[in-house]
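Just below is one structure, and these are the notes that go with it.
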Amino acid sequence: MVFAKISQLAHYAPSQIIKNEDLSLIMDTSDDWISSRTGIKQRHISKNETTADLANKVAEQLIEKSGYSASQIDFIIVATMTPDSMMPSTAARVQAHIGASNAFAFDLSAACSGFVFALSTAEKLISSGSYQKGLVIGAETVSKVLDWTDRGTAVLFGDGAGGVLLEASKEKHFLAESLNTDGSRQGLQSSQVGLNSPFSDEVLDDKFLKMDGRAIFDFAIKEVSKSINHLIETSYLEKEDIDYLFLHQANRRILDKMSRKIDIARDKFPENMMDYGNTSAASIPILLSESYENGLLKLDGNQTILLSGFGGGLTWGSLIVKI
């Protein structure tokens, strides 16, 4: 049998940093108000870089670290809810940029769960035996869909990208998964961007992301924690077997409550939302890459981690992976 493993990690963020104090100059907020409620202290915001630009930086790093040529990559999946255009896809732009002439490429949109959904999809492609190597990247420029006068959303999000190289392995690394969607609750978080039909009188001009923060918070604590507990139980692992839980970096309070609901020590939940804010589909791979850089992750195949994303759709999904 053929299995899949994560062999490389990388991340990139725009150089421009907007601190909470900077936001207090343009809206009714303060560093204390933001940090006490979210844990966020700053975020990276793109000036001129596109979502594809951020993803390109990650892809370049992954290729360089691996020692492979871009022509050896079989596929590229980019998880994003902020693509630069309807077509070509962000992934196609990355494919062209790095010269991955033999790779097929496509985007996947599942909001803040996007990277988990994309990684699960990529694992199936490699496990089929048809493909050997693939790039899975989460990339977002959420700043371009924010209403910068709305402190309910503007203070939360940031731009960035992270990703992994996934390749074939003789050993099993992906141990369990759970992917979920509840489209009946899509109104909790949405960006009502649309195209105006010339045959309709309806005008779609609401271009900003909207979010019911309390509803998302309650959903994450109740549904996502339940899903994670169930996944661990059905994986035949004990909670003590999980070395770290890499959750979507939306809010420090969510991680605090998740730790209690799942009954796993808080220090097993790495975090970096204080430096990046909520980067949607990019948050988990950025955190993974930083955790490897600081020595928390070894990439030796001996650590067991749980990845969990949750957000608009509603979508939520978790993977248990040997890394």
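Each Cβ is built from the backbone N, Cα and C atoms, and glycine gets one as well.
Within the set 29-33, 249-253, 289-293, the record from Swiss-Prot flags 249-253 under the feature region 'ACP-binding'. Annotation: His248 carries the greatest number of neighbouring Cβ atoms among the active-site residues His248, Asn278 [cut-off 10 Å, Cβ to Cβ].
According to DSSP, the region 'ACP-binding' (249-253) comprises 2 helix, 0 strand, 3 coil.
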